[in-house]
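A short worksheet on the structure shown next.
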């Protein structure tokens, strides 16, 4: 439980760190490309030392390679780009809470794809999630938005991207090592973004504290968080891991308040809590194996 909760907290705190970098004009593609490339290299080396066969197994099947490329492009890279763009146009807390709507979208997708009518409890959770989102984006003033339409748009896209990030690699994760899949996806995505935007050209001039924020995003928010999350799956049930994911938005909010002077009003807090409780209820009522995180 410590590993899963700790991983979620690290992901949450890395959001405000990224927000701090964006406020100091660090390029979005530079940040994502470099962190994915170095994170993928470290995870790949870890997997190579631990189990070389598991690392290379995905390349022995054409179907697996196709799935890996699809996950990299439409899952890993898309989710990273949209989530961090949401952070850039709003703040880390709003981006994380909006992204937390992904399980609701997954529920809807599964219902449509399997032609299974949702249960009454599913309708209740969807309604609660919509209510929580409404409170977050309006601060209780239903007739007007408390965030910009642009931030709302990117936030909703972040939820869609996170849902795709969970759904796309299901076949891969059922047949191959989660760490290996994450390592290759991050490495390929990082190489692709680096080819488009080389991180060594026109690199931002980072101050001492900007280096600290970047190091936290790379080391703790990417490498350690992934390793802790995946290791935790060996010891506790996936449903418990899903519940402990609630520490991610909590970590983002606390770090935002402490370090980014984020101010939340009563209705934003209520809306965020409703979303967290709703997703927690879904984890209990509908057990499912989580996919690798952002």
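FYI, residue positions are counted from 1 along the chain as it appears here.
Yeah, the Cβs are placed from backbone N, Cα and C, and that goes for glycine too.
Record features (TrEMBL):
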type	residues	note
DOMAIN	2-137	domain 'EamA'
DOMAIN	151-283	domain 'EamA'
TRANSMEM	28-49	transmembrane segment
TRANSMEM	64-83	transmembrane segment
TRANSMEM	89-111	transmembrane segment
TRANSMEM	123-145	transmembrane segment
TRANSMEM	151-168	transmembrane segment
TRANSMEM	175-196	transmembrane segment
TRANSMEM	208-229	transmembrane segment
TRANSMEM	241-260	transmembrane segment
TRANSMEM	266-285	transmembrane segment
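By the Cβ criterion (under 8 Å, sequence separation of 6 or more), the transmembrane segment (175-196) is not in contact with the transmembrane segment (89-111), since fewer than 3 such pairs are found. Same-chain residues lying 6+ beyond the ends of the transmembrane segment (151-168) with a Cβ under 8 Å from its Cβ atoms: 67, 70-71, 74-76, 78-79, 82-83, 85-86, 89-90, 94-95, 98-106, 109, 137, 145, 290-291, 294. Annotation: stretch 28-49 has the most Cβ pairs under 8 Å to the transmembrane segment (64-83), among 28-49, 89-111, 123-145, 208-229. Residues 18, 21-22, 55, 76-77, 80-81, 84-85, 88, 177, 179-180, 182-191, 193-194, 196-197, 199, 203-204, 214, 217-218, 222-223, 226-227 of the same chain lie 6+ residues outside the transmembrane segment (28-49) yet bring a C-beta within less than 8 angstroms of a C-beta in it.
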